[in-house]
Amino acid sequence: MDLDQISETLSSVAEEEPLTMFLLDKLYAIREKIKQVPFSIVRLCHVYCMLIKYNASNNNCILGRKLIEEMQQFLCGTRVDGSEDISMDLSELCKLYDYCPLLCSALCRAPCVSVNKLFKIVERETRGQSENPLWHALRKYTVTATKLYDIYTTRCFLEYKGQQFFGEAVIYGAKHERVIRHLVATFYVKREVKETLGLLLDPSSGVFGASLDACFGISFNEDGFLMVKEKALIFEIKFKYKYLRDKEDHFVSELLKNPTEKSFSDFILSHPVPVIEFRERGKIPSSREYLMTYDFQYRPQRKLRTCPTPAILAPHIKQLLCLNETQKSTVIVFDCKSDLCEQKLSVFQKAVFTVNVFVNPKHRYFFQSLLQQYVMTQFYINDHNNPEYIESTEVPSVHIVTAFFRRRTEEERSLHLVIDETEYIEEEIPLALIVTPVAPNPEFTCCVITDICNLWENNICKQTSLQVWAQSAVNQYLAACVRKPKTP
């Protein structure tokens, strides 16, 4: 069975019993055993039941085996060695579905470390992201980073549409993501490229989820489970297709010939809608572009566009601007050396400099970064031996990477692109990166998380007339992220 068939079958299983139907069917029975059940536990049980139903009818392709095995051990009430192969009698799998209330009860009584392990299994089982059918299925009932801005500003929940057809810009971005990740690792972080992670479901609420483009400062234990270390770095990658040009383009050639901030700003302004939005200090930006500056080098000739700030964001926007305007971006300009004998194009760093460019807090990408940092911080807190002693400088941080490429020349089309001994065959040539740190306000992040948890609970109540408890970890997050006063 190929990936498309698996995705289609899994999607049909999810549609047979959506989350709302699952709640209506099971929550009353669950509450007979446990009066107040956190939704994070219910969410794990829903995932388990969805996998049980899928695997019962598709025994030639078992999905989520490790998660099923681990949760069956909770049902049995005993903890056996995880390496033991539990028998997967598919004729019995559907019967296990009826034990959902018992499973919820067992999970509620289980130690936090055991429940957190289940969320790590979910992450491991969804690696590959868009190429993993389980990743798509679990995003359906999750407030992901890409949805956060729309939900927060519109107060509405939109149904996840699953896999869709995308334009050339998105296809190009996906095609070059691996190259950009490699560039960040080699020339910015200067660490080994790590495996991409799966879906990080928020262990506290079960409502939020994040999928990271790149992450450093992590490791994997002997079972392949994620371990988040101190000062982990998260990178959100953006490929700027609208700047993809030939090497002979005047602004591209000038940047390669003399890589300075002046030639770089000229390159940025060469597009009718520059990727960096200029505003005079004290002025509120539009929400069109996710990068902004007060530097007059980036001021365009055309009239600046304005747009109103969403009402719910308006009281916070100036403070968020003040936090982020102090950040500086790093620009790395690349070129390549051709070796016709070995048929290679070796990428090298031609210049690096800082610019007064920062993230626009009115843009959806800022909110995307907030949720990524919030969820990743939950995993860090859960992995920490003494969470109460976590310093604000130790928690994960987020950077947005803006990548510019140029098209291959006719002579370069047959050559392999080489970055740190890794070869790429079809990708275009890296031109520059802008690496921009995001400065979140922990209090604002907590406000957004709490607000959306309440919205989500009310939305479920409207659909099912059920009161669901979406527990958040905003207090733990705030304690970790806010700078602690120095002791005398």
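Including glycine, each Cβ sits where the backbone N, Cα and C put it.
Some features that Swiss-Prot has for this protein:
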type	residues	note
SITE	Glu177	site 'Required for function'
SITE	Asp213	site 'Required for function'
SITE	Glu236	site 'Required for function'
SITE	Lys238	site 'Required for function'
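Taking the features listed in Swiss-Prot, we show where each one sits on the structure.
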residue	record	CB count, 10 Å
Glu177	site 'Required for function'	18
Asp213	site 'Required for function'	19
Glu236	site 'Required for function'	21
Lys238	site 'Required for function'	19
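When the alpha carbons of Glu236 (site 'Required for function') and Asp213 (site 'Required for function') are compared, the span between them is 5 angstrom. The distance from the Cα of Glu177 (site 'Required for function') to the Cα of Asp213 (site 'Required for function') comes to 8 Å. For the recorded site, Glu236 (site 'Required for function'), the DSSP three-state label reads strand. A Cα-Cα distance of 10 Å separates Asp213 (site 'Required for function') from Lys238 (site 'Required for function'). Mapped onto three states, the DSSP output places Asp213 (site 'Required for function') in coil.
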